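Taken from TrEMBL, the feature domain 'Thioredoxin' applies to 10-180. Summarising the annotation, TrEMBL assigns Cu cation binding site to 48, 52, 141. TrEMBL lists 48-52 with the feature disulfide bond.
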């Protein structure tokens with residue numbers, strides 16, 4: 001197996017839960033909008049004092065590896081805010097630049113004002129996490145990079161902060177090569 005020595009690698013292989021959220025400018029995106037691309041999706045909240053910034057830095061490192069190759073136009077990075085009440089459009093606009101994320105193939109999404117207040121929590125659960133708020137007001141959720149193929153299938157999770165960024169990049173490369181594989185005529 002490609003990642004038999006990567007203990008933070010979890011194969012999934014099922015349809016990815018659909019997402020319909022907006023960016024800081026109010027533009028609505030669905031996961032299906034990125035069907036021709038491999039998607040790396042993860043959850044954050046902007047004022048997280050501990051793991052979210054570290055995970056964002058890890059995503060930035062993955063994105064930099066991808067963007068130095070022809071894969072740049074074939075991969076979309078999506079960060080989803082788990083704290084839409086706090087993560088205002090102004091805060092969202094500053095998040096990517098603060099972490100060095102390239103908006104050429106990265107977007108930060110949050111709920112639209114008309115969506116149910118528990119939507120983000122339910123979405124987090126559909127991706128296998130539990131969203132809870134501690135007594136001090138901090139949100140807790142899993143630290144996972146979810147990789148979704150061009151057909152919308154959730155293929156793998158990379159858990160935590162300890163995996164080598166090259167491993168998801170290699171997996172993404174394998175998926176983008178599937179995109180570019182020529183179709184053989186019979």
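The count begins at 1 with the first shown residue.
Each residue, glycine too, has its Cβ placed from N, Cα and C.
Just so you know, TrEMBL annotations are computer predictions that nobody has curated.
The Cβ of residue 48 (Cu cation binding site) has 18 neighbouring Cβ atoms from other residues within 10 Å, across all protein chains displayed. The DSSP secondary structure for residue 52 (Cu cation binding site) is helix.
Taking a C-beta cut-off of under 8 Å and a sequence gap of six or more, residue 52 (Cu cation binding site) has these contacts in its own chain: 44, 45, 46, 143.
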